[in-house]
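Report on one structure; see the data block that follows.
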Amino acid sequence: MENTIDAKNYCSDHPSIFSMASLKSFFFFFLLLSFLCPLGAAENCSNHRFDEGKTFASCNDLPSLDCSLHWNYISSSQTVEIAFRQSGVDKSPRWISWAINPEAKGMVGSQALVAFRKDDGTMAAYTSPITSYATQLEQGDISFLVDRVSSMIKDNEMIIFATLALPANTTTVNHLWQVGPLVGDVPGMHRLSGPNVGSMGTLDFLSGKVVIDRTSSRSCWKIVHGVLCTFGWGFLIPVGALIARHGKHFLGPSPAWFHAHIFCQCTAYLLGLAGGIIGVLLWLGVLGVGVEGGSHQHIGISLLCLGAIQGIVGYYRPNKEDRKRIYFNIFHYSVGYGTIGLSIANVFLGFHMVHFGIRTWPQLTYIAALSFLGFIALILEAVACFKRINASKTTMQNQIGA
């Protein structure tokens, strides 16, 4: 028939139409797959089924760390039955924790439920009061009554069960959840970045309303402030002083040591200034709820002033031939070494403010860095002393020979 269209010849004569249809089909299939995959991968908390017929009236998929919280609020007794779930437990040994802070937002002061699988395969589930950032989640009594604390692992999930007694006329609490590594059968420190930092909020057991604490970003700014000031004031300033002290002996009379000293101190001051500005913004509450600075804040402001004075006086220093040079040297050395002492003291005061004990890795790292600088300083002092003794002997021999 003349009007019959040969499909094969038509597609070969019109390849663009055939390609367009294939492309549309591919994109439709891709969009359908991308929509269905998340539905199959992530189970909504309301669809979860517990063993032994346990049921919970309310639940919430927490926004981080693959955690969910289920609960039954019993108003007549002011108690709450909870089940805290965390998925992906087969990836590595870990502990999980869910906590209530009855006093404030944040980790310190929290009353925690902790669970993990021991090396022998049995489960540990207990309560732990958190009194500092250096906690190892030791077992202990908490400030409110808790009953029937237990835990289990099933289907790649770890679950904590407990019944809590809430204070009278209280349904809204500050709650936190956390996941961390195990060191043997001892909970190790969790990560200090990413989702581990912002895993907190408020929870109303009666209405089921969960509000994530967006001001927890303040913790990130605290970390930035601490890193900048510790590296600037607490490390680079002593390094710059070390260069000024021994640069001449090893780099000779060339100005290289002086330029290295200036670069080191200016970099340290700028880092400290940036950290100080962040600290002031934290104190004012611009970067979250205001924090109380106290002595740490006062010392920090003093360091900024001393650093600025050092720079200005150093820029207008007298010439070496000037008789006033000795007064400049006394002032420069006194303020310089005093600044180093205050800087190191303020770093440790900052660690104390955020409850970083001596066993925590930030403080241990800083102590190791200071020890390394001290060791280098001792070696350089010994070498310089040896050179001075040799130079003195050579001068004496020359004088005797003359």
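Note: Cβ is positioned from N, Cα and C throughout, glycine not excepted.
As stated in TrEMBL, the feature transmembrane segment covers range 337-358 out of the listed 161-182, 337-358. Here the binding-site residues are His225, His261, His296, His332, and the one whose Cβ sees the fewest other Cβ atoms within 10 Å is His332. Of the Cβ pairs linking the transmembrane segment (364-386) with the transmembrane segment (256-286) and spaced 6 or more residues apart, fewer than 3 are under 8 Å, so the two regions do not touch. When the Cα positions of His225, His261, His296, His332 are compared pair by pair, the longest gap among these heme b-binding residues is 27 Å. Remote same-chain residues near the transmembrane segment (256-286) are listed as 218, 221-222, 224-229, 231-233, 235-237, 239-240, 243-244, 247-248, 250, 292-293, 297, 300-301, 303-304, 307-308, 310-311 (criterion: CB distance under 8 Å, separation of at least six residues from the stretch ends). The average per-residue pLDDT of the prediction over the domain 'Cytochrome b561' (186-389) is 84, rounded to a whole number.
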